[in-house]
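Visitor: The feature topological domain 'Periplasmic' is assigned by Swiss-Prot to 1-14, with sequence analysis given as support. The feature topological domain 'Cytoplasmic' is assigned by Swiss-Prot to 38-76, 126-148, with sequence analysis given as support. Annotation comment: Swiss-Prot describes 15-37, 77-99, 103-125 as transmembrane segment, evidence class sequence analysis.
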Amino acid sequence: MRTVLNILNFVLGGFATTLGWLLATLVSIVLIFTLPLTRSCWEITKLSLVPYGNEAIHVDELNPAGKNVLLNTGGTVLNIFWLIFFGWWLCLMHIATGIAQCISIIGIPVGIANFKIAAIALWPVGRRVVSVETAQAAREANARRRFE
């Protein structure tokens, strides 16, 4: 089912949103001051291309023992910079694509996936794209650690 939905996403606009993310990734590589944003751009590019079966999860959830104060502070600064220069137009791109996809009954699941990516597009630094199973296992392990 994931494969069918990913193909449907690609055909109904996922290709265009992925190109938008690739453009943002290339811009972040070319401009030296945006180089720290490249990893986040690439992670969300993968999610935009294949949204079903993958999930964007914060790195603190993947490795709670290795919490990095620099990532939290620096990540917030980078996210604010990202939001001002890149995030808003990528978010609008996903919202517009999601609305267009929700016009037809077949496109509704894909449109909902675009709305989820739109939220991530605003604040992507510190997120990694992993399989749904890995994200669920990380959340369960964190919950066990909290209650031990």
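Any Cβ shown, glycine's included, is placed from N, Cα and C.
On this model, are these features tucked inside or out on the surface, and what's nearby?
Guide: For the topological domain 'Periplasmic' (1-14), same-chain residues at least 6 beyond its ends with a Cβ under 8 Å from one of its own Cβ atoms are 48-53, 97, 100-101, 106-107, 109-110, 113-114.
Here the topological domain 'Cytoplasmic' (38-76) has a mean pLDDT of 82 out of 100.
When Cβ-Cβ distances below 8 Å are used as the criterion, the transmembrane segment (77-99) is approached by residues 13, 16-17, 20-21, 24, 27-28, 34, 36-37, 40-41, 44, 48, 111-115, 117-119, 121-126 of the same chain, each at least six residues removed from its ends.
Distant neighbours of the transmembrane segment (103-125): 5, 8-9, 12-14, 17, 36-37, 40-41, 43-44, 47-48, 51-52, 56, 75, 78-79, 82-83, 87-88, 90-95, 97; these residues of the same chain sit at least 6 beyond its ends, with a Cβ under 8 Å from one of its Cβ atoms.
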Visitor: Using DSSP, what is the helix/strand/coil residue split across the topological domain 'Periplasmic' (1-14)?
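Guide: Output for the topological domain 'Periplasmic' (1-14) reads 13 helix, 0 strand, 1 coil.
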Visitor: What same-chain residues lie close to the topological domain 'Cytoplasmic' (126-148): Cβ under 8 Å, and 6 or more beyond its ends?
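Guide: For the topological domain 'Cytoplasmic' (126-148), the nonlocal Cβ contacts are 40, 43-44, 46-47, 53-62, 64, 71-72, 75, 79, 120.
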